[in-house]
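**Student:** This is the feature table in Swiss-Prot:
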type     : residues                                               : note
CROSSLNK : Lys2                                                   : SUMO2 cross-link
BINDING  : Gly70, Pro71, Pro72, Gly73, Thr74, Gly75, Lys76, Thr77 : ATP binding site
CROSSLNK : Lys225                                                 : SUMO2 cross-link
CROSSLNK : Lys225                                                 : SUMO1 cross-link
CROSSLNK : Lys445                                                 : SUMO2 cross-link
MOD_RES  : Lys453                                                 : N6-acetyllysine
Amino acid sequence: MKIEEVKSTTKTQRIASHSHVKGLGLDESGLAKQAASGLVGQENAREACGVIVELIKSKKMAGRAVLLAGPPGTGKTALALAIAQELGSKVPFCPMVGSEVYSTEIKKTEVLMENFRRAIGLRIKETKEVYEGEVTELTPCETENPMGGYGKTISHVIIGLKTAKGTKQLKLDPSIFESLQKERVEAGDVIYIEANSGAVKRQGRCDTYATEFDLEAEEYVPLPKGDVHKKKEIIQDVTLHDLDVANARPQGGQDILSMMGQLMKPKKTEITDKLRGEINKVVNKYIDQGIAELVPGVLFVDEVHMLDIECFTYLHRALESSIAPIVIFASNRGNCVIRGTEDITSPHGIPLDLLDRVMIIRTMLYTPQEMKQIIKIRAQTEGINISEEALNHLGEIGTKTTLRYSVQLLTPANLLAKINGKDSIEKEHVEEISELFYDAKSSAKILADQQDKYMK
């Protein structure tokens, strides 16, 4: 007897360095639990982020900036991702790194503006009137051609639609008759017609005719329930950048130039301020009419000290514009020279006039106990068994070196344990691996000792 194991077809996600972060881990009153949702410690920073999430949800935070400042390996990126998780998928979250703005094709400010627009969502509500049912009759009515001659033109189309509740006869425009012909609609088909645009969609043949033929390449659909005339509310989520791109490069065009343009490699073009202004006007009109609502999202700029003085000056204006998202900066620098200047030093590599506009959240170094908890969570995420002794030793290594280094030792130590035929990582495996791989501090120490042997 042969038994086959059926493998799951669901996508296996690669474990990234922040896969374990599921949220900020706050209770109902907004206080941080010691360890929850994959985050450990940093209670003050997490509570501050919780307040920001509440402000974003109540739409009172637009155009403000927050700076996550702290030493490397204290969880700044993890906090930003936790904010994104808390906000959910409906609020746009656009992550970028400070060095992304340097491009040979377009200006630095253009890259910043593009990401600003990516972080602002627009929720468009549309009520569509739809006629839906099975076609019972389809009669085009002809009249004499007004241009003279013997030809005849179609003046209107009479169509009968039937649902489970009743039937309706509609008198339609001749332009819809062309759509009906394109869709090859005939009696017995289930169709729907949009009242606003006159678009016709054939859904399939009604399943009462399913027994008519043995061989047929038709898709049979049930008779629609409810009335023939229905109202459907459709909600679409788009970002302002999507609207910019759609209008910057219009599709179509039958002439040879536009055909060539589509075939050639599209060069990244800049979207002009004029076009953005026009789109803003249309968006504002929609908001005034109540068709759409603006959803200010989050723009996360990691390694913000990589931006130069021109970008920072541009950020002043962008943050104070009428349509601006919430901007979260992250930096692990202390006092350093602002990029693009000769000798101006500033905290976190950000000019003082911009620092004045941001709210700063500090992240502190982890205690050995918190390091152990984080390593334990990482081991669970990666599906690794680890003994208590090995965990304590990794915690000590993390305190002496960095958290990242001790987390990186997990996978090689697990491999070594498997080679030795053990199920879980023991202390000796961790010791052996830490001797094989150097951390940054010990590597720098060796460099200092043997400086004369290396090339200058």
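Glycine too: its Cβ is placed from the backbone N, Cα and C atoms.
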**Student:** Taking the Cβ of Gly73 (ATP binding site) as the centre, count every other Cβ atom within 10 Å, in any protein chain shown.
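**Tutor:** Summing over all protein chains shown, Gly73 (ATP binding site) has 19 other Cβ atoms within 10 Å.
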**Student:** Which are the residues of the chain, Gly70, Pro71, Pro72, Gly73, Thr74, Gly75, Lys76, Thr77 excluded, whose CB is within 8 A of where the CB atoms of the ATP site average out, their centroid?
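**Tutor:** Residues close to the ATP site, other than Gly70, Pro71, Pro72, Gly73, Thr74, Gly75, Lys76, Thr77: Asn332, Thr363.
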**Student:** Which number gives the other C-beta atoms within 10 angstroms of the C-beta of the residue listed as 'N6-acetyllysine', all protein chains shown included?
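**Tutor:** So the Cβ neighbour count for the residue listed as 'N6-acetyllysine' comes to 7.
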**Student:** Given Lys225 (SUMO2 cross-link) and Lys445 (SUMO2 cross-link), what distance in Å do their CA atoms have, once rounded to a whole number?
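**Tutor:** Answer for this pair: 77 Å between alpha carbons.
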**Student:** From the Cα of Lys453 (N6-acetyllysine) across to the Cα of Lys76 (ATP binding site), what is the distance in angstrom?
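**Tutor:** Given the Cα positions, Lys76 (ATP binding site) is 38 Å from Lys453 (N6-acetyllysine).
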**Student:** Counting other Cβ atoms within 10 Å, pick out the least crowded of the binding-site residues Gly70, Gly75.
**Tutor:** Gly70
**Student:** To the nearest whole angstrom, what is the C-alpha distance linking Thr77 (ATP binding site) and Lys445 (SUMO2 cross-link)?
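**Tutor:** About 29 Å separate the Cα atoms of these two residues.
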**Student:** Determine, to the nearest whole angstrom, how far the Cα atom of Pro72 (ATP binding site) is from the Cα atom of Lys445 (SUMO2 cross-link).
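**Tutor:** Computed Cα spacing between Pro72 (ATP binding site) and Lys445 (SUMO2 cross-link) is 20 Å.
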**Student:** Taking the Cβ of Pro71 (ATP binding site) as the centre, how many other Cβ atoms fall within a 10 Å radius?
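**Tutor:** There are 13 of them.
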**Student:** Can you check what DSSP calls Lys445 (SUMO2 cross-link), collapsed to helix, strand or coil?
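**Tutor:** Reduced to three states, the DSSP call for Lys445 (SUMO2 cross-link) is helix.
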**Student:** If I restrict to non-local contacts, at least six residues apart, and a C-beta distance under 8 angstroms, what lies near Lys445 (SUMO2 cross-link) in its own chain?
**Tutor:** none
**Student:** Rounded to the nearest angstrom, how far is the Cα of Lys453 (N6-acetyllysine) from the Cα of Gly70 (ATP binding site)?
**Tutor:** 36
